[in-house]
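> Take this structure first; my questions come after.
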Amino acid sequence: MKLLHGLALVFLLAAASCKADEEITCEENNPFTCSNTDILSSKNFGKDFIFGVASSAYQIEGGRGRGVNVWDGFSHRYPEKAGSDLKNGDTTCESYTRWQKDVDVMGELNATGYRFSFAWSRIIPKGKVSRGVNQGGLDYYHKLIDALLEKNITPFVTLFHWDLPQTLQDEYEGFLDRQIIQDFKDYADLCFKEFGGKVKHWITINQLYTVPTRGYAIGTDAPGRCSPMVDTKHRCYGGNSSTEPYIVAHNQLLAHATVVDLYRTKYKFQKGKIGPVMITRWFLPFDESDPASIEAAERMNQFFHGWYMEPLTKGRYPDIMRQIVGSRLPNFTEEEAELVAGSYDFLGLNYYVTQYAQPKPNPYPSETHTAMMDAGVKLTYDNSRGEFLGPLFVEDKVNGNSYYYPKGIYYVMDYFKTKYGDPLIYVTENGFSTPSSENREQAIADYKRIDYLCSHLCFLRKVIKEKGVNVRGYFAWALGDNYEFCKGFTVRFGLSYVNWEDLDDRNLKESGKWYQRFINGTVKNAVKQDFLRSSLSSQSQKKRFADA
């Protein structure tokens, strides 16, 4: 009789579990409050799925104990470009000395992965290995990695997250010159030799699209190059916005592929994996009934994703880019094409927003032309009916507001699986910012970030289940509040609150507590978002939902 009762109980629990799994519904339309996904948890993704947080060296470490990098040079030369508050990464979370605090926060979250970057100029202050290696930098990263492994947190290390040693920029304009390939290889070789016994997931370059476009086309990011008339305030120190982005992108791909080849040959015995990180977006037709808008959306996909993914899968640039860009687009030699094609074990995909695409004439040649115009596409966050995609993502009175669309992550993952051969994928960034003008209580009561994370995780689970996309991990951006590129300290992205007046004062925000429960698998029967929202808006901000 006891056996029958036991079997019945097991059956009921299994049935309840299946029912709960089936009841998870992703909200398809604005406002994406995630009220129907309160039972979503890590258990819906499989036991080996990695849930972590992410950061980058320049944004959290501070300037102590390293050489000067291009973001130091850029932010001091053009402080207004580094952030409207005129601040920079000289002093931020000071993770170089407070790394244990970061690890403690990750332990509190029960994170199983941490994506962070090495500061090239901390390890090799003058850029080239031949000019000396900083033992203090090596020791710092060893201590951090050892502390992570002690807590069973898997390190994902990015070799280059935009902070190129300034010496290499001064000598030959960094990625604009092929000399960078050997210097990047030497730097990577040192890192593999020094840390490869502990680190099994390597990322070569973060967001291949960003430095060529923002750094060399429009000059809004380091190193800040562009054509004279692209920045009418003449704050670019030189450049050609029509040609340099394609050269930089080409050299990035060759540097990436060279490092992957090094890892696969010289360090194969370490049994790790290596790949690049892509910034992704989804592009919807501005007018779904207009063939020109539909064509513009796909053309944007080719210029945004295909620019890198076609070489990485086929060894050549997309046909549409070759047709439009012409001689401004470099060519791969046969040997280079073979080197680049297939040069990844996994892809890291960063996803934040979706945009509407409509045709726009390409003004080339002109004094104000940039490579970003070659697609002949205008991007907006509202469609032909004046409808916005979703809730506010970033308020920007100068450049215009942006809005987010959780289902976009579903479309992006399916697109990469279908078009690029079903790669192994890690979502290496996904996150939401709030304004730093909020007071402490408001910043900690970040229910909007819970909505953002929860709704995106819901669609990520959905695309894995429905389309069989091979996603093995998700990293929320960011571990804690930090310096944001081009925004300074005017926004907060963290799951943990950082008090800039007392850097040891850090607390999990409500989003951090939610993510903690999500990872633990204890969000079933959690309080509804509406109740959470009203509670967090009240004066009882300090109330903990430990039973949620």
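Placed from the backbone N, Cα and C atoms, the Cβ positions cover glycine too.
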> Which residue does Swiss-Prot record as N-linked glycosylation site, given the choices Asn152, Asn240?
Asn240
> Which of these, Cys191, Cys236, shares a disulfide with Cys226 in Swiss-Prot?
Cys236
> Among Cys18, Cys26, which cysteine does Swiss-Prot link to Cys458 through a disulfide?
Cys26
> Pick from Cys34, Cys93: which one does Swiss-Prot say forms the disulfide with Cys454?
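Among Cys34, Cys93, the cysteine that Swiss-Prot links to Cys454 by a disulfide bond is Cys34.
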> Out of these recorded positions, Gln59, Asn206, Gln207, Asn240, Asn331, which one has the fewest other C-beta atoms within 10 Å of its own C-beta?
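The recorded positions Gln59, Asn206, Gln207, Asn240, Asn331 were compared, and Asn331 has the fewest Cβ atoms within 10 Å.
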> Check the DSSP secondary structure of Asn520 (N-linked glycosylation site), expressed as helix, strand or coil.
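Where Asn520 (N-linked glycosylation site) sits, the three-state DSSP reduction gives helix.
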> Between Cys26, Cys34, Cys226, Cys454, which of the disulfide-bonded residues has the fewest other CB atoms within 10 angstroms in the structure shown?
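Relative to the other disulfide-bonded residues in Cys26, Cys34, Cys226, Cys454, Cys26 has the fewest Cβ atoms within 10 Å.
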> Using Cys34 (disulfide bond) as the reference point, find which of the recorded positions Cys26, Asn206, Asn331, Glu484 has the shortest Cα-to-Cα distance to it.
Cys26
> In whole Å, could you give the widest CA to CA gap in the substrate site formed by Gln59, His161, Asn206, Tyr352, Trp477, Glu484, Phe485?
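So the maximum pairwise Cα distance among the substrate binders is 18 Å.
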> Would you mind sorting out which of Cys26, Cys454, Glu484 (the recorded positions) have a C-alpha within 10 A of the one on Cys226 (disulfide bond)?
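Hits: none.
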> If you measure from the Cα of Asn520 (N-linked glycosylation site), which of the recorded positions Asp90, Asn110, Cys236, Arg281, Glu429 is the nearest?
Asn110
